[in-house]
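Structure record follows, encoded as structure tokens.
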């Protein structure tokens, strides 16, 4: 039926060229975006498997289509491994993304118009934590806590807002906070107002799975996450919970048929193998190195005179405030990009610019750690970042750093073995 020679390269040269160029970019650029990583060849293989052909609405053993006996095995493996990896009593592996996992959890826990208490976006939260431009801020009444003067979560403010607004859900989680969340303290705040306690560990899921960051799974009512980022799986979502049969039914219904139809079985299989990878001893070593590399980079940038929000990092990322440098995040991102160093601009506490410009950078170490970078390379890289930010319009400095970055990437290839 299909000719084995019918490759993308021979059939669609334009698309093949774009993919080839992206492959080269990933090999020759230093990736410092905290939410990005490099998946294993196993994860890549499964995302391109024949499981993409199978419709499987429903759950293992309870499908609306025939012929699901083998995809049932794949999904059940993913469920069982997720529960084991995170110490959960319940796992739903069907969410297509972290944002959808959040939407589905909200659907199970709230009605439209109910109040959600979560972290402010400019202080490190996420769009789906009640931003007015997101469904989470359109369908629910969002109230936000932030960071205190020391750069830590302002638990007193959160407790005060909880008493004032009596939210239905209190959410703890972040996309740009470099500290450790006191999950138990949030649990106590939620209990004080009879609210559900939900956590979003999208950024630290791999660290939680490896045991190098505290787990909220048996503290919160519901935990959501992505399966990429530090977990190093496919781009997708996951919902976890401690035992609560009634809530489990509501979560399942919120995913299907509440907001999704047929699950992506090829992605679910990729999740299953990623969870197995995260159970291996070397994954814990990897997670520990992520933390070491982030600390090394943050320390260098502090020594070079840059303001690190929260004073440093205790996880995989840190936020650099450029408010006192007369540099926008947009300018910094572009200059570093010309040097083959990929970062993302980010809003910071006290932000004065628009979200499209910003006054900060978010820097993360999951991807460089996957490549094999250790503290030596991380520190060296931080110095190069500072060299560019110190003289942001100096194209010679940018060119010099680009050459160094290219050489460093050559020593730590990502997928060269696949060529």
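Each Cβ is built from the backbone N, Cα and C atoms, and glycine gets one as well.
Just so it is clear, the model here is predicted, and its values are computed rather than measured.
According to Swiss-Prot, the (6S)-5,6,7,8-tetrahydrofolate binding site annotation covers 121, 125, 126, 127, 354, 355, 356. Here Swiss-Prot flags 228 as site 'Plays an important role in substrate specificity'. Here Swiss-Prot flags 229 as N6-(pyridoxal phosphate)lysine.
Rounded to a whole value, the Cα-Cα separation of residue 127 ((6S)-5,6,7,8-tetrahydrofolate binding site) and residue 228 (site 'Plays an important role in substrate specificity') is 18 Å. The separation of residue 229 (N6-(pyridoxal phosphate)lysine) from residue 121 ((6S)-5,6,7,8-tetrahydrofolate binding site), Cα to Cα, is 19 Å. Its Cβ taken as reference, the residue listed as 'N6-(pyridoxal phosphate)lysine' is surrounded by 28 other Cβ atoms within 10 Å in the chains shown. You'll find the Cα of residue 229 (N6-(pyridoxal phosphate)lysine) roughly 15 Å from the Cα of residue 126 ((6S)-5,6,7,8-tetrahydrofolate binding site).
In this entry, 121, 125, 126, 127, 354, 355, 356 make up the residues listed for (6S)-5,6,7,8-tetrahydrofolate, with the farthest two CA atoms of the set 16 Å from each other. For the binding-site residues 125, 355, the ranking by surrounding Cβ atoms (within 10 Å, all protein chains) places 125 first. Cα spacing between residue 354 ((6S)-5,6,7,8-tetrahydrofolate binding site) and residue 228 (site 'Plays an important role in substrate specificity'): 28 Å, rounded to the nearest whole number. In this structure, 127 is the one among the binding-site residues 121, 127 with the smallest number of other Cβ atoms inside 10 Å of its Cβ. Here the C-alpha separation of residue 126 ((6S)-5,6,7,8-tetrahydrofolate binding site) and residue 228 (site 'Plays an important role in substrate specificity') works out to 16 Å.
For residue 228 (site 'Plays an important role in substrate specificity'), the nearest of the binding-site residues 125, 355, 356 in terms of C-alpha separation is 125. Around residue 228 (site 'Plays an important role in substrate specificity'), taking its Cβ as the centre, 25 other Cβ atoms fall within 10 Å, counting all chains.
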